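Below is one structure, written out as structure tokens, with a few remarks after it.
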Amino acid sequence: MPVQSICCIGAGYVGGPTCAVIAAKCPHITVTVTDSNAARIEQWNSDILPIYEPGLEELVKRCRGVNLFFSTDVKGAVKKADLIFISVNTPTKVKGAAGEVGLAPDLQYVELAARTIAREAKEGLTLVVEKSTVPVRAAATISEMLASANRPGVSFQVLSNPEFLSEGTAIKNLLHPDRVLIGGENQQAISDLADIYAAWVPRERILETSTWSSELSKLVANALLAQRISSINAASELCEMTGANVSEVAKAVGMDSRIGPKFLNPSIGFGGSCFHKDIMSLVYLCKHYHLPENAEYWQDIINMNTHQRVRFCRKIVSSLFNTVSHKKIAVFGFAFKKDTGDTRESSSIVVADYLIGEGAEVFIYDPKVPDRQILTDLKLPQITKEISPGVITPEGIVDKSVHICRDPYDAARGAHAVVVCTEWDEFTTLDYQVIYDSMQKPAFLFDGRMILNHDTLMKIGFRVHCIGKSLNHPNKTNGASATNGYH
Ligand code: NAD
Ligand code: UDX
């Protein structure tokens, strides 16, 4: 039966943009995005949306109040829905049994959502779609919870439909997905969900698999993407030692069609809400099935990421004559990547945390991250901070040592060093002569994203350090611009 009414539980980075695109492409379907967080729903219904995502605002403003609604009434929306997306957060466990903390995903929000659906769903068949990233066989647990309500005349089909969008390009990814993956056991249910996507996605891009393959594919996809970054970051350290240039290496290896050019940007390490958590989930799964070598293999992707972050921090301190105590350091960018205000697992948190721990005064500028978010991130202990060998920020130091700036020039004025942590486009067009003139000398610049023209900066007078290219190596043959253009 064609779906006419959709409810999405979870109005976050996935639920909001996904439903906005479905509403825009399927005007005959009523889409209600629900969340237990009233402040978030209020923002979705206001002029300033809770998340920044290019193209999102235009879509929401076009569909909101027509066939797209945002509400805190989860039960009410569930009662009316033919299809329900579970799009709640599945963070890594921070409490619980040893062996689970820091590894296994916390499924309490998925369970709560499933229990609400079990109690409130309308009579007849409801499709329940796992959009959240979950461990393999989570669909079986959800099915069990739905069945346990034991309501006569009420039935469910559970499908897995993981989301592959990246933040910053979510709308583009949703409009033109590489593939839509639907895992399930019931062909009619799979077809009903596929028909929704077929309104704008070519049929050959809608892939049907078993539920378990679908769930596992999401974790493996994220692990393989993160593995490319850890691999190029591992190569970057070797480049710095040998006089090779990682941008040239990335270009040379990426031109091999078997390897491909994307996702070979060296960086201060990957961040974001997904990679760390999903790889830990994979590690947990391997441990659960007593596959220690397998667990160690995936764990090494994370270990390399931590190493890359920490060695970048150490390089800052050692370059600044082995101390940053009472020195002013400008941090450009706090989001985990450009074109998003999201800071979850951002490498900037690790860098700022490390510098504060070493006694620096840190002046942070980011075009989209709210001030309070920066302070919250630096004050709250996080899993990453705990596992990182970086210095843990002592209580109270953040208020004293962290300053949030309105623009990058402000942040850099009087600073000993500028550290580029996020690859925001606007950082490539700043007037670095003006910045240099306003800084302490010698003025250091650390390009953690390889987005700047290092030759130009050095001509201005900066002492430049970057990733994967030693600008002062005795074997250096080519100091050409480092920007590699690989995204
Ligand atoms: P998010 O934290 O931005 O949003 C989740 C929302 O769910 C929150 O607003 C929360 O209040 C709400 N929620 C939790 N439990 C609820 C309940 N019982 N009833 C109503 N609302 C509830 O998370 P996100 O980034 O959108 O991620 C959601 C899922 O999608 C996660 O499993 C994540 O791994 C996966 N995912 C995320 C991305 C991404 O780029 N962020 C990409 C692909 C997949
Ligand atoms: C990721 C996956 O790409 C997406 O498919 C999944 O659905 C959710 O997780 P996201 O975390 O939003 O998406 O962003 P992504 O573009 O993957 O970047 C993750 C991190 O890796 C960022 O910190 C980014 O700066 C970094 N990165 C990415 C690199 O350091 N180098 C690269 O070449 C690419």
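Each residue, glycine too, has its Cβ placed from N, Cα and C.
The DSSP secondary structure for His276 (NAD(+) binding site) is helix. Per TrEMBL, NAD(+) binding site is recorded for 10-15, Asp35, Arg40, 88-92, 132-133, Glu167, 274-277, Arg344.
Annotation comment: TrEMBL describes Cys274 as active site, nucleophile. Taking Cβ-Cβ distances under 8 Å and a sequence gap of 6 or more within the same chain, the neighbours of Cys274 (active site, nucleophile) are Thr133, Asn222.
Annotation source TrEMBL lists domain 'UDP-glucose/GDP-mannose dehydrogenase C-terminal' at 330-454.
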Going by DSSP assignments with H, G and I as helix and E and B as strand, what are the residue counts for the domain 'UDP-glucose/GDP-mannose dehydrogenase C-terminal' (330-454)?
47 helix, 19 strand, 59 coil
Same-chain residues at least 6 apart in sequence with Cβ under 8 Å of the Cβ of Gly10 (NAD(+) binding site), in sequence order, are Thr34, Asp35, Phe85, Ile86, Ser87, Val88, Asn89, Tyr109, Ala113, Lys131, Ser132
Entries of Gly10, Asp35, Thr92, Glu167, Cys274, His276 (recorded positions) sitting next to ligand 2, with Cβ under 6 Å as the cut-off
Glu167, Cys274
Check Asp35 (NAD(+) binding site) against DSSP and tell me helix, strand or coil, would you?
coil
Measuring CB to CB from Tyr13 (NAD(+) binding site), give everything in the same chain under 8 Å that is also at least six residues away in sequence.
Ile51, Glu53, Glu167, Ala170, Ser273, Asp342
Which of Asn89, Thr92 (the binding-site residues) has the most other Cβ atoms within 10 Å?
Thr92
Measure from each Cβ of the binding-site residues Asn89, Thr92, His276 to the atoms of ligand 1 and list the residues where some distance is under 6 Å.
Asn89
